[in-house]
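Comments concern the structure below.
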């Protein structure tokens, strides 16, 4: 975890607390002094929030943001402890929807987040994003960016192999065979890190499940559909067909996320099935490389292809924020064209609100097109009732890949966890 | 000529032949209990009270966040019996703990016997063999994660010496992964066991060995009848440390395999972590932690009883 606490700050904070205590109430103390000038913030946007904080401080002279950044796992532990012990920061990273320990529903339900429905940007959110930024009809999450999952190709490696990205399922398998014959497998797969196992599955489910039935989630929620009795089986079958056809490098279960990036970045594979965020990481490993995002086809009709694209983590305001005004100011800055563009440019994603004047990176043209044409579905887990469904799927996929389980068994287990509810 | 303390005194001046007053003697043998009070208070405040309070949550359905939760009695423990992941994790934990204890100490003893001999480079060897034990486990785990990857150094080495058939997906194959974890831990801590055995070996008097040799005892006989009994205390310490460490195992497993593939290398500790922080099932996870504590307490108490009896028998 990176922590940035200027040395004078503890003194300032202590002095502020003492002043507040003397004036007989924290609220009175704040307003009496013209509003406290320190905002506390906890973020998972490592590498990008730093710039936003700098710009925010510049736009608000005299204001100091005291912030910490950490990885998702560590952050989820930290924020839960802080919230339940009353020591959480004013503003914090919050994931969209449900299904992880730091998600909107999970934090809004016990009343830890402030209702942001009255903020100017809340009404402008597109429906797909609104659905995961809200809990019981109220907006709690300032979601600034969105991401997609698909095939990210290494252009140089493609040219060397003399192959072009496929846009039908049949061509995809042909592409895999040709790539394998040339000694460079089509895609790197880092299934040792269990969250990676789901990405190919999501990319295939988007088209096979949601292509024919956009209301699949509503049917699941109403108990009218199950994983085991739906085209989820088709998608899983296609995933394994890809594996058998040789679309991935050898031993995906012994390859971690980091190693899989290395394979795709250096042209040992022609690409990688990942979120668009991997492009920045691939460029970090091979600055001369050109990487392009394409949809992963799952049927033989290119116009039927759908891409999983979803809101990334946003920011929520602590319901008991010590500095409410400044917290709202920060969140509104994040949702302004300036803050939003700073964030998405650094992260390699796309803004969540229209009309921000953002120039899309050429590598993301296809993703941007799918989003504007409304050919996307949110990441599947964002609307699941509890985190267990996803965890069962992740370890289940590892078990399928290592012959410890079968697709039918895993989908049935996911159904059981789904039915257990929240 | 020196005199025994009372020898020069006339008989009638000698103090009566009684024990010194018990109060004074006890005071010398053991400082008053309240000397430990500050430490006890601190320990109670920082360790004991939070631990006991924590146990309460094992009987609730707390999710770690929601202030409203309810008392569910023994439900969490009943769920554990029905949870195949938990049963499997308990099995893995015991398997890992026993394997580590046996292999690490056997290897540690062999190394100690080796570096206790009169070879020239023994000091250098001791340093080399002990070195892995001073590195943070998480660092060695990440190091080995790279060495054991499909394209890693271990497989390259096997290929280079013509043992292609031995190449494995060391951490990605469910049959092999658990043993890879055991291997890494043994690699790291065999040197630690070695140092403790070495200390034991060096407390064995040379004269006893020489006497046994003169009596015609061969090296094996000398080890079994002279060295082994005197090594009993070192063995007790080593076995206790490695079995407790093995049962509590978390960081190396988490960094090497994350408990995977699937749940093939999950231990009780990794499951506790996942249930608490990934799934938000704090109540259940604390129930698992309570079970872990009980296992550690029972196993180490049992082991202590057996070993201390052996120690007495050997001395």
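The backbone N, Cα and C atoms fix where each Cβ goes, glycine too.
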If you look at how TrEMBL annotates this chain, which of B:152-175, B:176-199 comes out as transmembrane segment?
B:176-199
Have a look at B:89-112, B:257-280 and point to the one annotated transmembrane segment in TrEMBL.
B:89-112
Match it up for me: which of B:124-144, B:208-228 does TrEMBL list as transmembrane segment?
B:124-144
